[in-house]
Amino acid sequence: MKAWGTVVVTLATLMVVTVDAKIYERCELAARLERAGLNGYKGYGVGDWLCMAHYESGFDTAFVDHNPDGSSEYGIFQLNSAWWCDNGITPTKNLCHMDCHDLLNRHILDDIRCAKQIVSSQNGLSAWTSWRLHCSGHDLSEWLKGCDMHVKIDPKIHP
């Protein structure tokens, strides 16, 4: 009986989250990331963040992916439940001190705060496999084409 209660609460939470979710348009997300201070943060430009978010979630704040190890990835940046947030299921370090379900809505400042913490580590954006595979070392100017902003990048990261 307790298991059914957990299922009902989880489904109700997911339904509420879905109502408040958002799939961002590229330039809309670029402006949001710039306002949040990610343009040039730790040497990465908004193009880096857009590229990574595109390959992680398709700019979908409600995207959840499940891993073979039992952990899950949440939100626009696909933050992992074993390390960065608590989903109530996976044993976690919860290094961003947050509930994973808080990453599934249109309000992405908490996602950005956690992503800033991750990128501040020695791995930088390399912590995301998608950034290493699809974004690192590539011309990212296409990600900002048609958006009203200027690229700030660190030449040490993007030679």
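Every residue, even glycine, has its Cβ placed from backbone N, Cα and C.
Not measured: the values here are computed from a predicted model.
For 1-21, the entry in Swiss-Prot reads signal peptide.
Taken from Swiss-Prot, the feature domain 'C-type lysozyme' applies to 22-150, supported by sequence analysis.
According to Swiss-Prot, the feature disulfide bond maps to Cys27-Cys147 (among others). Long-range C-beta contacts of Cys147 (disulfide bond), restricted to its own chain and to partners at least six residues apart, with a cutoff below 8 Å, comprise Arg26, Cys27, Ala30, Ala31.
Counting Cβ atoms from all protein chains shown, Cys51 (disulfide bond) has 22 others lying within 10 Å of its own Cβ. Annotation note: Cys51 (disulfide bond) sits in a helical segment as assigned by DSSP. Per Swiss-Prot, the feature disulfide bond maps to Cys51-Cys135 (among others); the stated evidence is sequence analysis.
Residues annotated as active site in Swiss-Prot, with sequence analysis given as evidence: Glu56. The DSSP secondary structure for Glu56 (active site) is helix.
Cys85 (disulfide bond) is surrounded by 28 other CB atoms, counting those within 10 A of its CB over all protein chains shown. Residues or ranges marked as disulfide bond by Swiss-Prot: Cys85-Cys100 (among others).
Note: Cys96 (disulfide bond) has non-local neighbours Leu79, Trp84, Cys85, Arg113, Cys114, Gln117, i.e. same-chain residues 6+ apart with C-beta under 8 A of its own C-beta. According to DSSP, Cys96 (disulfide bond) is assigned to coil rather than to any helix or strand. Residues or ranges marked as disulfide bond in Swiss-Prot (evidence: sequence analysis): Cys96-Cys114 (among others).
Listed disulfide-bonded residues: Cys27, Cys100, Cys135; maximum Cβ neighbour count within 10 Å falls on Cys100. In the domain 'C-type lysozyme' (22-150), helix, strand and coil residues by DSSP number 52 helix, 14 strand, 63 coil. In the structure as shown, the Cβ atom of Cys114 (disulfide bond) sits within 10 Å of 23 other Cβ atoms.
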